[in-house]
């Protein structure tokens, strides 16, 4: 390799410096604060060891439910978005009429602001005057009209459904790019060997798409763990104590009530989750991937 | 080569922009310093000459200083020669800016801050940062409950700015009450009878909106004034950590009765998704008969439905736990004189001027939202209905969120707990226990000796 062709390290110094000052340093300071009693009620700061983490993981508190909610949301939306996104990507790489129109329609929800979507869906899912329930009543299916966002039985599933609707188009677009990069030669060879459509998908598309699927999964997982705006706009963690509360909405509320230390402890827990999950997921998903 | 030239050019432009930005800030600072310096010199010069050209500065959050007050200040300048320089700050930045200025000892001569006997001591530290105004001519004119929220150790530190008389009460449609021959309930029992009669007529008795997260919370701390009426001294015990919310019979009764209202269908079906913004619309439409609102509600309903006159909306106190005490909240924005001011006499003169009867009348007549400023010598312009409502309840009590420490900061958390109780996730005792726990957390964080 010609060493002259490689950019020297000092090219990265400024970027690294800015990144460290704006991202790494505040992150480390935040983790540091989670070992203190920092709050808006006192100017003094004391080291309290693992006290805040004990509170976070205490069975008496609600935080374990919040962590569970975050993980369920992440897992559920990631799996369903990937499955639906893959199905749509396969469909929309076939020769069908108005292909780009269909792709555009599916991608559209991802372009809109999450907060605006949240507000629109709050109205659509309103139990008395919402579009969905009105429609169900109009077609004689009034029994299916439910309090989607205001009942503890449906709220979490409704929030996940709206998020899946919003994010599937985005995943689909990435997967379409992945599918289009697979050489047609493989499919032709398969056809000559008499492979069925399912076999082509199972033995050609899926293995060659694994690196792209790994990317979409990582993106989804990180998004899921960090989700805030969708939940904030739709239910703000309610109804009730913590039906749809996730880590970021909880952090937001803790900061709002001046309990900064607990807030930073929750952020630190989330940071550890993201690092661990991200690391193992990338390791696992890139283990068997096929290189062309 | 071209690329390099382009890069050099862009870098130069970027550097120029950065420096021009910095220099702008510098020049701005220099300007303000110069202005500050000149005003200081002017002031020094003027103090030698007398009060002519003395300028006192007054910093407040937006909406706290009314146009009418600025007009009055012109009259003040004519009378005394003292000018008033208003510094109006956006409300979301105000507290941070005020705290910074107080902590650095460079505050304006007069500053605005929210009253509240615990907050002014713990947050603003008025004993250090503000002048004692107890001896002023108007000090004794401030209504006692309001003065209490502006005092520490019986010393008055502030002057109220706004009308704080409006209370959260049950606003009801008088037309529906007359049609069904109903009377204002005097206890919970009679309230349920009223609700039953309204429901029987096909009207939903109460409009409640849980989705906003704050409105349904009002039932507990507003009707909670009954706790002190039933057990005098309980508020003090709560503040000294000698009693807990959990186990308090009045608060438990209120929560049980909230559950009962919901289960009996008094709140209708869609209370979880209703919004506060729609409350006037729903009362105006006649589909609901009552809601918790303050005394401007009649005007709002009248704007939507002219057939319901402003006085067709009446008010009565929240009768949960048989409450008949008027739930006042005497906290609100107030003027404080900065302890480090060089114009103490002039600042006090300004406050004295504002508290004159004719000036209080001028403010009340010229500020739409003022009905009665909290001074004994201030005139009121309540409508007959509102006046009758206030007169009906001779007993007044301060709402729990103001009277009891560490309740107001957890308002949204209380709201979440209450909605959890309404949907059956929590029991009333658990809600009260949770409030105690959050209070304890906040008290410990604040280093409150009662919680050590």
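Glycine is treated like the rest: Cβ placed from N, Cα and C.
Annotated transmembrane segment per TrEMBL: A:12-35 (among others), in sequence order.
Sequence annotations record features per position, and here TrEMBL assigns domain 'ABC transmembrane type-1' to A:67-281.
Residues annotated as transmembrane segment in TrEMBL: A:71-92 (among others).
The feature transmembrane segment is assigned by TrEMBL to A:104-125 (among others).
Within the chain, the transmembrane segment (A:164-182) has long-range Cβ neighbours (under 8 A, six or more residues past its boundaries) at 77, 80-82, 84-86, 88-90, 92-93, 103, 106-110, 112, 114, 117, 204-205, 208-209, 211-213, 215-216, 219-220, 223, 230, 292. The transmembrane segment feature in TrEMBL is assigned to A:164-182 (among others).
Residues of the same chain lying 6 or more positions beyond the ends of the transmembrane segment (A:203-225) and with a Cβ under 8 Å from any Cβ of it are 70, 73-75, 77-78, 81-82, 85-86, 90, 167, 171, 174-175, 177-179, 182, 186-187, 190, 195, 247, 270, 273-274, 277-278, 281-282, 285-286, 288-290, 292. Marked as transmembrane segment by TrEMBL: A:203-225 (among others).
What TrEMBL records for A:260-282 (among others) is transmembrane segment. Here the transmembrane segment (A:260-282) has Cβ contacts under 8 Å with residues 27, 30-31, 33-34, 36-40, 48, 52-53, 55-56, 63, 66-67, 70, 214, 217-218, 221-222, 225-226, 247-248, 250-251, 254 of the same chain, all six or more residues outside its ends.
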